[in-house]
Amino acid sequence: NLIQFGNMISAMTGKSSLAYASYGCYCGWGGKGQPKDDTDRCCFVHDCCYGKADKCSPKMILYSYKFHNGNIVCGDKNACKKKVCECDRVAAICFAASKHSYNKNLWRYPSSKCTGTAEKC
């Protein structure tokens, strides 16, 4: 769920998950246009992943995971829980890998500036 996702983000990036809650064109609710940078692209991919797991209620479902040697390990056998955990795990790793691209000017970015044709998932 979103709280667990936030905990993964904080653990992997050392930043508050709120730094990613309203960033670029895809971090936060909804999304349109072209991703603005690598960090925003992580959110685009995460949105696509949640879209594929939509029947699982990805924003609400509780799953199990742990941190092991600096990695996130998803622990559920349940297919829905595992799928959503994997979406969140991959995004948190992506944020950590793209920390260099984080641009404070893209936090609370106006959606009116999110233009261009959106890519397909």
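Note that Cβ sites are derived from N, Cα and C of the backbone, with glycine treated the same way.
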C43, C48, C49 - which one Swiss-Prot pairs with C121 by disulfide: C48
Candidates C49, C56, C94, C114 - disulfide partner of C80 as recorded in Swiss-Prot: C56
Swiss-Prot Ca(2+) site partner of Y26, G28, G30, selected from D37, D38, D47: D47
Spatial neighbours of D88 (active site), counting only the recorded positions C25, Y26, G30, C49 and Cα distances within 10 Å: C49
Beyond the site residues Y26, G28, G30, D47: chain residues whose C-beta lies within 8 Å of the centroid, for Ca(2+): C25, C27, W29, G31, C43, F44
Among G28, G30, the most crowded of the binding-site residues [Cβ within 10 Å]: G28
Cα-to-Cα gap, C25 (disulfide bond) vs C43 (disulfide bond), nearest whole Å: 9
Recorded positions: D47, D88 - member with fewest neighbouring CB atoms within 10 Å: D47
